[in-house]
Amino acid sequence: MNILTAAQTRQLDQATIKEQHTTSTALMERAATALASWLLRHYPPQVAGEVLLLCGPGNNGGDGLALARLLFGADYAVRLALLPADKYSDDYQYNHHVLPKTIPVSELSAGALPSIQPGTLVVDALFGTGLTRPLTGQAAAVVAHLNESGARVVAVDMPSGLLADAPQPDPAAPVVRATHTVSFGLPKLAFLLPQNAEFVGEWHVEDIGLSANFIAQADTPWHLTQLPAATPRPDVALPRRTKFAYKNTFGHALLLAGSRGKVGAAVLAAGACLRGGVGLLTVAVPGCGYDIIQTTRPEAMCLADAQADFISALPATKPYQAIGIGPGLGQDVASRAVLEKLLRETQVPLVIDADALNMLGEHRDLLDLLPENTVLTPHIGEFARLTEKTKDDYHRLDLLRAFAQQHRCLVVLKGAYTAVAAPDGHVYFNTTGNPGMGTGGSGDVLTGLLLALRADQRLAPLLAVRLAVLAHGHAGDLAAADTGEAGLVAGDLVQHIGPALRQLE
Ligand SMILES: NC(=O)C1=CN([C@@H]2O[C@H](COP(=O)(O)OP(=O)(O)OC[C@H]3O[C@@H](n4cnc5c(N)ncnc54)[C@H](OP(=O)(O)O)[C@@H]3O)[C@@H](O)[C@H]2O)[C@@H](O)CC1
Ligand SMILES: Nc1ncnc2c1ncn2[C@@H]1O[C@H](COP(=O)(O)OP(=O)(O)O)[C@@H](O)[C@H]1O
Ligand SMILES: [K+]
């Protein structure tokens, strides 16, 4: 699914109105109805207590006014505080006009801020996607007051003061710190970036029937990868295995991994590759890893390096459809020479992770040798070593796109919303996974799974990578349902890859 830019989000309501022969007032009513239904589910009247709605002068405030009317009709105790302005949007004015007269309304001013007890449920309908500049003056005073109050805050569409797709021009200007943000139709880019988590809180998307055609046709570099069941228009799916499929269809993969003390990384990646459906797997490990791989992963073939503690020689690469290198590899100069030889000699699809990435970061001339569509899987720290220290998350996205374009590779920037950058500069944010996956070895599992899907002869490179990242996170979610997030270990991810992949078919 596409994620729209801020400008496209502003065009979306006009496109919907035109396409569906409806009115902006009716669209606002849909938005308010969706918000009311969300509140009824999450904060029913007896849990909510009195709800304070803070409304700005535009359509975000209009949503707040319409919501106040609907909540009042659903037996909530509501009061409104309105931000004065020189002009108000038409739909704001309409919803102000039809507000039941019994709802208490006050005017917000820096000198007379409403009292907000800790725990009060506050709806932030001050500003949404129409924000054009950092908050100052009265609006800033209201937001600062709200943030200090200890209220539970539900932000309408956006936390007020936050921009939808760009960094804050003035980091000192206040932004609402919401507990929940309830957005319409699709999430904003801002929700997916760690730097905004303190403002956005937990985000939710409510369907209000916005134009699916406009969303699908929008020219944007940003996209989401979702489980097929989570979206009406799935754009990634794993093809079923046909009756007469043979192991060659699913490829023979080579994994170069492990060093003394880190053979476990090779075991995890090998397990994930096997569970990922590879046809054949050969694992190359240092001598100390031979018995370990043969015992823990009898399904895999094993090549033991002449060196006991690290990999010092590149096996013949001819038989393989994909090669993975990096998990637990260590950074011995001999292993670096293996990486360099691999890059110079092969055009086989590669997956490069962990220490192999750090070697590339230290010897950036090697980046010029990357075969097209190589998959790199850095976390934020490893990405900084490959590029430069970043100013903020938006700057990191710029670097990510530029890097993938320059080196014609696929970069999997790992995190809560793992971002896959393609050689054409498009970025796909993953939507599965949980904080339980912040545990040693989770990344090794991803590398093994990526290797399996890159070896699968049926899958184009980008599809293979998006599917692997989606399945990895989904395996994490299935595992956490059994173990809880704290109890989750990387081996649990391997166990859940099979069921996760089945749900992507
Ligand atoms: N998209 C959709 O499909 C749907 C959208 N809907 C809703 O519409 C919302 C967008 O509404 P919107 O465009 O009226 O903008 P909004 O955020 O209310 O702010 C504009 C007002 O704020 C003002 N202003 C701006 N910056 C300011 C500042 N720093 N400090 C002070 N003032 C500032 C600005 O004035 P100006 O810049 O002209 O001075 C203007 O008066 C969207 O978030 C969603 O809630 C749903 O109802 C239906 C479906
Ligand atoms: N909060 C989170 N939500 C979703 N996925 C997460 C979260 N934290 C970590 N992950 C995932 O877990 C994996 C961790 O990989 P990595 O940082 O390389 O760990 P390690 O080096 O220990 O294997 C990545 O795929 C990342 O996306
Ligand atoms: K808001």
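Keep in mind that glycine also has a Cβ here, set from the backbone N, Cα and C atoms.
All TrEMBL annotations are machine predictions without curation.
Binding site for AMP per TrEMBL: LYS414, GLY415, ALA416, TYR417, THR418, plus GLY443 from the candidate set GLY441, GLY443, GLY448. K(+) binding, as stated in TrEMBL, involves ASN60, SER160; the candidate among ASP86, ASP90, ASP91, ASP124 given for that site is ASP124. Counting only the Cα atoms, the space from THR418 (AMP binding site) to HIS379 ((6S)-NADPHX binding site) is about 9 angstrom.
In this structure, the binding-site residues ASP124, ASP157 were compared by how many other Cβ atoms lie within 10 Å of their Cβ, and the smallest count belongs to ASP157. Under 6 Å, Cβ to nearest atom of ligand 1: this is the test, and of the binding-site residues ASN60, THR129, THR132, ASP157, LYS414 it is passed by ASN60, THR129, THR132, ASP157. When the binding-site residues ASN60, ASP124, THR132 are checked against ligand 3, ASN60, ASP124 have a Cβ within less than 6 Å of one of its atoms. Secondary structure from DSSP puts HIS379 ((6S)-NADPHX binding site) in a beta strand.
For GLY443 (AMP binding site), other Cβ atoms within 10 Å of its Cβ number 24. For ligand 2, the binding-site residues lying close by, meaning a CB under 6 A from one of its atoms, are HIS379, LYS414, ALA416; the full candidate list was ASN60, ASP124, SER160, HIS379, LYS414, ALA416.
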